[in-house]
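S.K.: Below are the structure tokens for one structure; questions will follow.
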Amino acid sequence: MRMLPGESSKNDMNLSSPGSKKNYLDASVEKSRKRIIFTLCITNFIANSAYSSIAPFFPAEALLKGVPESTMGVIIAGYSISMVAFAPLLGVMLSKFGRKNVLIYGCLAESVAMFCFAMFIYVDNPLLYGILCFLCRVVEGFGNGCLNSATSSIICTNYPDNMGNLIGLTQTFTGLGMLSGPVIGSFLYEAGGFKLPFFVTSALLFIQIFPIMLFFKSDRKVRDQPAQSFLLESQENLIGDQEAVEQQPLGQVEVSGSQGTSAAPRRQQ
């Protein structure tokens with residue numbers, strides 16, 4: 001049915017009302033929140049599965065390279081050593097570069113470390129092999145420290161009303177990643193040899209950078225504006241509230257105005 005020039009559709013009228021706009025913004029914000037939490041969960045799952053994926057096959061491969069068994073524990077512990085050593089720096093990075101950028105740095109560091117790990121198959125010197133593996137574990141630990149710190153900071157700052165449940169949810173995916181990592185690593189090792197587990201986890205971590213760039217808003221400038229909130233949905237809520245106030249019926253505005261004028265003489269008295 002063709003509409004006349006002066007008519008407007010029912011949907012347009014619904015969208016123009018303050019209540020429908022607020023509902024639309026609330027639905028959009030809720031959808032954005034779910035995307036962010038989903039991205040954080042998947043990122044932590046992949047990162048921690050990459051961490052534990054080398055457990056089934058790396059010790060045997062290192063022994064074949066001539067690395068002493070006594071050195072094996074130091075190489076594996078390089079991951080945890082790195083997280084402890086860089087812990088004070090991570091807080092500074094969150095304030096200076098923003099949580100979104102720290103997430104990206106974490107994915108990038110782990111992705112590069114896993115890719116380099118696959119290339120060590122061509123290193124024959126036992127000492128050089130052990131040193132390079134240890135350094136890669138250090139870089140990997142730094143990357144996972146970035147992810148853990150940024151994830152907790154984002155949830156605590158953006159979702160204070162549901163902070164406990166969401167931190168528990170992301171930690172669940174962290175545990176699932178560590179649990180499934182050896183299974184995934186052994187399967188990929190059997191399917192494609194030493195390099196395949198590292199290539200797959202490296203590619204998945206690198207791919208995670210794109211949803212982070214797409215769904216997360218930059219908060220780097222928050223350090224220059226401490227009075228502003230970091231909440232990702234704060235701007236939409238503020239805009240929605242402002243529009244709702246501006247589009248209030250005239251009767252409500254007049255009532256509030258009359259109250260203001262009646263209160264003014266009392267101050268003068």
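A Cβ is built for glycine as well, from the same backbone N, Cα and C atoms used for every other residue.
Pulled these from TrEMBL:
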REGION    1-23  region 'Disordered'
COMPBIAS  11-20  compositional bias 'Polar residues'
TRANSMEM  36-58  transmembrane segment
DOMAIN    36-269  domain 'Major facilitator superfamily (MFS) profile'
TRANSMEM  70-90  transmembrane segment
TRANSMEM  102-122  transmembrane segment
TRANSMEM  196-216  transmembrane segment
REGION    250-269  region 'Disordered'
S.K.: In the predicted model, what is the mean pLDDT computed over the domain 'Major facilitator superfamily (MFS) profile' (36-269)?
M.R.: 81
S.K.: Using a Cβ-Cβ cut-off of under 8 Å, list the residues of the same chain that are 6+ residues beyond the ends of the transmembrane segment (102-122) and lie near it.
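M.R.: Counting only partners 6 or more residues beyond its ends, the transmembrane segment (102-122) has Cβ contacts under 8 Å with 43, 47, 50, 54, 61, 90, 93-94, 129, 132-133, 136-137, 139-140, 142-147, 149-151, 154, 194-195, 198-199, 201-203, 205-206, 208-209, 212-213, 216.
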